[in-house]
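> Here it is: the structure, laid out below.
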Amino acid sequence: MKETVWNTMEKVSLFSLCLFLLAFPLSVSVSQIFAGLTIAAGLPALLFRKNGHDSEIASVRLFLLFLGIYVLAFVSSLANSETKSSASFFSTYVKRSEVGDFWMLFLLPISARIASSKTNRMVLKRWIFFSAYLLIATGCISLFSEVRLGKFVSNGFKYALGDRLQHYSGNVGPIQLYLPLGMMNTHLTYGGLLGLALPGLILEWFGTWNRKRNASFWLQTGAVAVGLFVLLLNQSRSIWLGVIFLFLCCLLHAHRSLRNRLPSVSKPGLWITAGLLIALLLSSAYILKDNWLIRRSVSQIFEIHNTENQRYYIYKNTLPIIRENFWFGVGGGNYSESHRRQSETMIEREEQLWYELSITPRGHAHNDLLHWTTVGGIFAGILFLIFWGRIFLTFFRKKLEERFETLSLRSIGILTLFPAGFFQCYLLDDEVVLPFFVFCGFFLAGNNADSTSSETKTPNETSANDPEPTSASFPQRFRNSAQTAFVLGIPLLLYWIFWIPRLNLEPLEVYNRRVRSTDPGLIREIQKNIIKFESDWNQKRTRDGSPLTPQQAELPIQIEGCLTHRYPDPPRPRTEPLTFRIYVPEGDRNPPTRAEVTVVERESFDQDQAYWAHAEREIKTTRFELKRGKNPIQPEDRLPQQNSPGFPVGVFFHDFRIRFTGYRNGENADVPRLYFGRMCDTELPLTR
């Protein structure tokens with residue numbers, strides 16, 4: 001009777017885990033139900049019916065490492081608590097802290113225990129591919145959907161007024177494309193799930209090249225092609241980096257075995273393959289040439305100054321928190337408040353950044369390692385690196401060749417989240433961390449039990465008869481450790497090489513005013529000619545000539561101005577007029593002679609939070625004659641005099657819509673330089 005109960009619970013845990021794999025691409029709520037059922041059915045067996053399997057031992061070690069991170073964050077939060085009531089502390093901690101994901105951690109050892117059985121692995125290998133196909137299919141459907149599929153389905157297959165629409169990304173002929181989200185709420189969450197599921201599918205497909213081309217192979221080929229296309233359009237640059245990193249790790253670990261799996265291709269086959277690759281490149285170029293979101297994502301990788309600088313402000317204000325709380329951190333749930341205080345200090349120095357910092361998300365550090373170090377102290381950061389170190393050590397201990405067609409290979413996507421986590425907190429997103437912990441368990445179970453020799457053994461026989469990983473020769477262990485240190489250290493090194501020059505810039509040097517126009521070339525020229533320091537106005541231009549025609553340069557442009565109220569909060573009405581300067585450098589060959597400036601009043605709430613665009617209205621238009629050198633500009637304006645109960649209520653931007661005219665036809669136009677001072681008050685000189 002007792003044995004029957006245990007067997008029933010194990011079957012329930014396997015069944016609920018399979019349903020979880022089917023549910024996580026569709027709904028986080030439903031997947032959490034099946035995850036909870038898996039834990040409820042699997043935890044008693046984990047605690048009271050140990051099988052001694054290597055993967056179970058390894059998964060418990062990983063569980064304890066991450067549990068240590070949670071404990072350190074909790075203890076730090078308790079030490080930093082300002083309330084004397086324990087009930088008040090716990091209610092606040094549970095609401096605001098990372099403890100909400102704590103229960104999900106139990107999926108790691110439970111899924112490893114379930115997957116330690118050969119029979120269970122055979123079942124799970126099929127279900128993990130079903131979930132990958134489902135994830136790709138929903139992403140492909142969302143490419144063509146103006147509404148968000150998750151909301152659309154939850155609302156009974158209808159659009160509800162006020163629901164956030166999809167981001168338009170471009171056209172393919174007459175067909176409109178949107179940012180693929182699948183059934184998720186954000187493209188980053190969907191990208192994180194693709195990063196977990198897609199690499200295993202790709203490597204498994206690569207391993208079947210030398211086999212007979214059956215229907216399953218062509219289905220997998222189509223899924224890989226569509227999955228890569230959806231991943232590209234998804235724009236999760238951190239996941240792009242993670243996938244590339246994983247494949248480089250595979251090459252580092254097993255370049256010979258991968259080369260041996262390349263198919264032997266005849267000369268006609270080579271020509272056909274080359275033709276297909278050229279066709280693929282040309283079709284991709286055609287699709288992407290009208291996809292402005294992709295072009296922006298790629299261009300911003302190589303720019304220091306762009307309008308998407310929120311990560312700079314997040315990191316710039318996170319590092320002082322770490323310095324002040326180096327050993328024990330600020331505690332779970334306290335990151336947002338600590339970051340807010342640092343942001344207020346920055347605003348007091350540079351008031352122009354008030355709006356920029358108010359819309360900068362501060363719920364987490366946008367870096368897994370940085371966040372856990374901030375909330376749990378340096379020891380939490382060390383445990384986090386040890387956690388990843390043990391996962392990579394597991395990867396390097398087994399030949400990649402032995403992983404093909406195993407559960408371990410199909411869950412190998414967990415490795416993408418290490419480098420991707422340097423740019424986004426994927427391990428704080430419950431929609432990603434749920435399958436992540438499950439895939440970690442699969443990866444460990446597959447690593448220790450998927451070889452041909454061990455598949456035929458029971459878990460107890462495998463543990464008793466097979467040598468421990470530590471029994472490998474010293475050179476092999478040294479090589480594994482060196483490879484692990486290398487793959488952990490290189491992303492860390494590259495990350496800081498990328499960010500140290502940026503973080504050494506002053507906040508106003510990074511801040512860029514938003515510029516709008518119908519001509520992208522004019523936007524780029526105007527952004528280049530908004531100077532940070534007045535002393536730069538007459539610097540020699542670095543180009544031989546302007547790329548703009550007079551017709552382009554005479555198009556209207558709208559430049560972000562300044563707020564109608566002053567810091568602190570609640571804000572007070574601004575009394576000084578908005579002024580700026582237009583500088584016409586002495587060496588310009590074809591400058592404008594006139595400027596028409598219209599003051600445009602625009603709302604100042606956070607558009608991403610409100611899911612609504614700013615309304616705006618024109619105030620007044622003023623015309624100015626321009627001469628070479630300095631041209632003070634004080635457009636006619638009407639500043640509101642009403643007090644604001646709190647930002648952003650009753651607070652507006654007064655932007656400047658400018659149209660330059662008077663260029664000579666037949667020559668390229670020289671756009672003048674613009675200087676806005678500190679707060680659209682050019683009577684206060686800003687110097688280095």
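Any Cβ shown, glycine's included, is placed from N, Cα and C.
Copied straight from TrEMBL:
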- 20-48: transmembrane segment (TRANSMEM)
- 60-79: transmembrane segment (TRANSMEM)
- 127-145: transmembrane segment (TRANSMEM)
- 188-208: transmembrane segment (TRANSMEM)
- 215-233: transmembrane segment (TRANSMEM)
- 223-385: domain 'O-antigen ligase-related' (DOMAIN)
- 239-258: transmembrane segment (TRANSMEM)
- 270-288: transmembrane segment (TRANSMEM)
- 369-395: transmembrane segment (TRANSMEM)
- 407-426: transmembrane segment (TRANSMEM)
- 432-449: transmembrane segment (TRANSMEM)
- 450-474: region 'Disordered' (REGION)
- 482-500: transmembrane segment (TRANSMEM)
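Just tell me what is around each of these and how deep it sits.
Long-range Cβ contacts of the transmembrane segment (127-145) within its own chain (Cβ-Cβ under 8 Å, at least 6 residues beyond either end) map to 18, 21-22, 24-26, 152, 166, 175-178, 180-183, 190, 193-194, 197-198, 200-201, 204, 223, 226-227, 230, 233-234, 407, 410-411, 442.
Counting only same-chain residues 6+ beyond the ends of the transmembrane segment (188-208), those with a CB under 8 A from a CB of the stretch are 24-25, 128-129, 131-132, 135-136, 139, 180-182, 217, 220-221, 223-224, 227-228, 230-231, 234-236, 238-239, 242-243, 246-247, 250, 258, 261, 404-405, 409-417, 420, 424, 426, 429, 431-432, 435-436, 439.
Summarised as a single figure, the pLDDT of the domain 'O-antigen ligase-related' (223-385) averages 81.
With a threshold of 8 Å between CB atoms, the same-chain residues lying at least 6 positions outside the transmembrane segment (239-258) that come near it are 191-192, 194-195, 198-199, 203, 206, 231-232, 392, 395-396, 399-401, 412-413, 415-420, 423, 483, 486-487, 491.
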> Is it the case that the transmembrane segment (432-449) and the transmembrane segment (215-233) have 3 or more CB pairs under 8 Å, with pairs at least 6 apart in sequence?
no
> With the transmembrane segment (369-395) as the reference, find which of 60-79, 407-426, 482-500 contributes the most Cβ pairs under 8 Å.
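Against the transmembrane segment (369-395), the leading stretch is 60-79.
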